[in-house]
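So that you can see what the record holds, here are the features copied from TrEMBL:
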type	residues	note
BINDING	Met1, Asp16, Asn46	S-adenosyl-L-methionine binding site
DOMAIN	1-139	domain 'Ribosomal RNA adenine methylase transferase N-terminal'
Amino acid sequence: MLSDAAPGKLRIVHGDVLTFKVERAFPESLKRQWEDDPPNVHIIGNLPFNVSTPLIVKWLENVSCRDGPFIYGRTQMMLTFQKEVAERLTANTGSKQRSRLSIMAQYLCNVQHIFTIPGQAFVPKPEVDVGVVHFTPLVQPRIEQPFKLVEKVVQNAFQFRRKYCYRGLGMLFPEVERVESTGKLLELADVDPTLRPTQLSVSHFKSLCDVYRKMCDEDPLLFAYNFREELKQNKSKNQEKEDDKEKHRL
């Protein structure tokens with residue numbers, strides 16, 4: 001019905017927004033250089049709450065790689081999120097809402113919480129209010145490292161958000177070298193180990209990512225390290241020891 005009401009002006013695609021190739025949706029003539037003003041391409045969406053976070057993380061990675069919807073240039077986005085998520089995306093350093101999403105969005109984009117829509121404006125009415133957030137990709141990202149590396153450092157830092165930052169950042173390193181390597185990372189990055197994750201600025205994370213990248217270059221196995229896998233292996237070994245003890249008792 002919408003297509004019929006706007007012949008030649010509106011094309012409706014029925015599909016999954018997480019897999020739809022936006023980069024194929026518009027003509028090549030709309031492309032602009034990254035350093036130029038944003039192109040005449042806009043992503044505007046009233047996102048379902050269950051896909052909003054994975055979708056914005058996916059699009060932020062596209063911004064970092066300048067692919068997907070961002071092959072046209074610095075494509076702007078105007079998106080809806082659960083109000084709490086909107087507040088996380090735009091939270092300042094020191095705010096209680098400061099989170100992984102705050103850093104991942106703000107190191108790549110100028111992010112603004114434009115306004116809030118009360119829940120009763122929707123049918124059916126959601127249990128929460130909705131925040132409208134505008135994103136404009138930056139010409140120069142505030143952290144110039146691969147997206148996956150930044151994501152790993154930020155995720156680990158916020159692992160224990162109420163503890164000092166050295167606790168979460170320590171999970172970047174194997175247990176045998178954790179204390180020494182965490183100390184080295186924080187010292188070289190000039191970051192106070194007693195800051196909470198919410199007190200870390202984008203500049204702090206830039207320093208941490210730059211130093212961590214150098215450490216990964218020195219030890220090629222470091223980036224692949226996953227502390228959860230080490231915990232699992234240790235647990236398995238301990239279980240085997242307990243089983244052996246039980247056998248000897250029998």
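Every residue gets a Cβ built from N, Cα and C, even glycine.
Here the binding-site residues are Met1, Asp16, Asn46, and the one with the most other Cβ atoms within 10 Å of its Cβ is Asn46. The average pLDDT for the domain 'Ribosomal RNA adenine methylase transferase N-terminal' (1-139) in the predicted structure is 93. Of all residue pairs in the S-adenosyl-L-methionine-binding list (Met1, Asp16, Asn46), the one with the greatest Cα separation is 20 Å apart.
Residue counts for the domain 'Ribosomal RNA adenine methylase transferase N-terminal' (1-139) under DSSP, split into helix (H, G, I), strand (E, B) and coil, are 50 helix, 28 strand, 61 coil.
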